[in-house]
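What Swiss-Prot records for 73, 77 is [4Fe-4S] cluster 1 binding site, and it gives sequence analysis as the kind of evidence. As annotated by Swiss-Prot, [4Fe-4S] cluster 2 binding site applies to 76, 79, 84, 94, with the evidence given as sequence analysis. As annotated by Swiss-Prot, CO binding site applies to 117. The annotation [Ni-4Fe-4S] cluster binding site is assigned in Swiss-Prot to 250, 278, 323, 523, 552, 587 on the grounds of sequence analysis. Feature annotation from Swiss-Prot assigns domain '4Fe-4S ferredoxin-type 1' to 407-436; the stated evidence is sequence analysis. According to Swiss-Prot, the feature [4Fe-4S] cluster 3 binding site maps to 417, 420, 423, 465. Per Swiss-Prot, domain '4Fe-4S ferredoxin-type 2' is recorded for 446-475.
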């Protein structure tokens, strides 16, 4: 890539000089803003700023869904005035209180995640424009609405790479403004930090959308393809007889050069290339638009990074960016695995060999003279990684290098355990390692083996062990058979939901006859192991919900099989339809999940997308039954993704660790004034049921999460058939997993047709006896009782300005 340098030149003595100015920084955005102003139909918030959504939408959400703060500690250590004790409603030296400080802490996580995705998008956009040119069309499948998140924010509907640049500049500009508010002596009100966090969440989905649409277009990924190929997944899929290149991270740009080199030199069947985290998902999408037989494999999520390294299987490791462990170099160095850093965001202190000759770098790394290197030239990267893997494979195979102990070493380590319990205290998942070690001493290794799936591979246990027992290696030793059999299938990320699919399902979603969209996303910080998300997905799929998934969740769902040996991806269709399991793609593909909800409003309801976030979000909150699940959320990106869903009116359930994010958004269902909206036909207030009753909350167990999510798909606009279907699922799931009927089911009944058909008579009796409702038993109709009346033509909205009288 050419580098810009400063300098000057004179044209005084030159004749017939023509100067061409190719690009002025910021000019694209300015031109786009002027173009957006000319739109015939547009909402009030084209190119919004920090304040744009505050009063019209964000504060309305935050009034109903009040922030519940969960501080990690009572101190603020932000500046040299501190540390300040903020307990007991005290204020710090700068004047900030605990609410404001906690709001800032949550907000900081959100903008960090937003920046991560935006920087990912900027890197890909610049690289792909340099490689393919600005005119490369955004071919994303059979759709006209290509970039709903970009359109909502800017009014723009880009059709090629170059037209995306103004949206990218917009996100970057607003991120700078947002980051400035974190400085000491800036914002101090918790409610305004929450509003800014919601705005940042909306920007995050723009950044993610940019990241994914440019790579789908340039790298020939599947394009809204429900039949995208099935990809092998799991540690057991790796052929140990072949040299193995392991790639880790989220930015697939450099990996495509490695795959190209493999194909050009006929090496696809002579070595293995597989990945961890979202780079794995995206390398399995590369050139799969025509459904060619895939050869790249997926190992799994971040929780498997250290396990894979300790196994000794990789011959070379390449890292790019995001969710990459900080100890990969020292861990790999112990096992003679060279590490190559391919992105400037992670360089690990390694020597930079970007300008070096590839032959020389191969020799340096092969000899062990350096543990790894930085290589930012993608052409060289592709050659270096493949050649090095092919040479390191035989060398490491001959030495049989692995961190897994021998039987004798295993017995010695187990015998050393003093049963002090320090490992269990240090474990984020509180795994009972001492108990498992105790049984292992007696020859029963099943308890240790059970820990394999539950362990997130963080090695905190090892660092506190007084006996210096390599506990992770011990667990992996007894799980060798389990690891060898870890072979599943994951459908390659298919890309966005097509316009045709939205047209087919839009009415069902708004009326409620499709019970809802369940979005399983996020990280692998599971409290009880990866199978939780499999159980959740299976339950909702069997009940005809649409289950969409991305990232770690998409991978972990594919790890398990039923009694017939089939994964969920083999059992259920890949289309956006009732009972469909839709792997959208990697983390950045999450933008297509919110995009699908936005497209329901735009395509089915003909609402204007351009600069119209509040109206679109209002429509989704009142009409589109959807709920997200980030069961293992750990990262800042997870908080920004979830917050971007929240501003759109989409609730999200997080796992038990997620109280550490410091903030939830939970409504008080007993405050009836909070559960009123306007009828857009006449501007009159109308009561609605308390649904969804949260925008962001946590659950302790997957059994608790399932009925919570089913309930969160209830919407005010459900027709009677839809409400009956949703109540049936919610009540059955509540009974199945929590052992009793929900206490507040009656609040969602508007007339007898809303009741679950199979239990209608019994529920009518309960309404009469427990709640005093009047029932006509001859006609089996409700005469009086419900506070909410059903009106199929009602137009619920939270925005007074959308009412006809306004």
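Glycine is treated like the rest: Cβ placed from N, Cα and C.
Swiss-Prot feature annotations superimposed on the structure.
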residue	record	DSSP (3 states)
73	[4Fe-4S] cluster 1 binding site	coil
79	[4Fe-4S] cluster 2 binding site	coil
84	[4Fe-4S] cluster 2 binding site	strand
94	[4Fe-4S] cluster 2 binding site	coil
117	CO binding site	helix
278	[Ni-4Fe-4S] cluster binding site	helix
420	[4Fe-4S] cluster 3 binding site	coil
465	[4Fe-4S] cluster 3 binding site	coil
587	[Ni-4Fe-4S] cluster binding site	helix
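The number of other Cβ atoms within 10 Å of the Cβ belonging to residue 278 ([Ni-4Fe-4S] cluster binding site), over all protein chains shown, comes to 31. Beyond the domain '4Fe-4S ferredoxin-type 1' (407-436), the same-chain residues lying 6 or more positions past its ends with a Cβ under 8 Å from any Cβ of the stretch are 447-448, 450-451, 454-456, 458, 460-467, 469-471, 473-474, 477-478, 525-528, 657. Note: the CA-CA distance between residue 94 ([4Fe-4S] cluster 2 binding site) and residue 250 ([Ni-4Fe-4S] cluster binding site) rounds to 39 Å. Excluding the listed site residues 76, 79, 84, 94, the same chain places 77, 78, 81, 82, 83, 92, 93, 96, 101, 184 with Cβ atoms within 8 Å of the centre of the [4Fe-4S] cluster 2 site Cβ atoms. Note: the Cα of residue 117 (CO binding site) and the Cα of residue 587 ([Ni-4Fe-4S] cluster binding site) are spaced 9 Å from each other. The highest number of surrounding Cβ atoms within 10 Å, among the binding-site residues 420, 552, is found at 552.
For residue 79 ([4Fe-4S] cluster 2 binding site), the nearest of the binding-site residues 417, 420, 523, 552 in terms of C-alpha separation is 523. Put simply, residue 77 ([4Fe-4S] cluster 1 binding site) is 7 Å from residue 84 ([4Fe-4S] cluster 2 binding site) when counted between their Cα atoms. Here the C-alpha separation of residue 465 ([4Fe-4S] cluster 3 binding site) and residue 323 ([Ni-4Fe-4S] cluster binding site) works out to 26 Å.
For residue 76 ([4Fe-4S] cluster 2 binding site), the spatially nearest entry among the binding-site residues 250, 278, 323, 417 is 323, judged by CA separation.
Taking the centre of the Cβ atoms of 250, 278, 323, 523, 552, 587 as the [Ni-4Fe-4S] cluster site, the nearby residues of that chain (Cβ within 8 Å, site residues left out) are 277, 301, 302, 322, 551, 586, 635, 637. On a Cα basis, residue 417 ([4Fe-4S] cluster 3 binding site) lies 40 Å away from residue 587 ([Ni-4Fe-4S] cluster binding site). All chains included, 26 other C-beta atoms sit within 10 angstroms of the C-beta of residue 76 ([4Fe-4S] cluster 2 binding site). Residue 278 ([Ni-4Fe-4S] cluster binding site) has 423 as its nearest neighbour among the binding-site residues 77, 417, 420, 423, going by CA to CA distance.
Of the binding-site residues 117, 250, 117 has the largest number of other Cβ atoms within 10 Å of its own Cβ. Taking the binding-site residues 79, 94, 417, 465, 587 in turn and counting surrounding C-beta atoms within 10 angstroms, the largest count is reached at 587.
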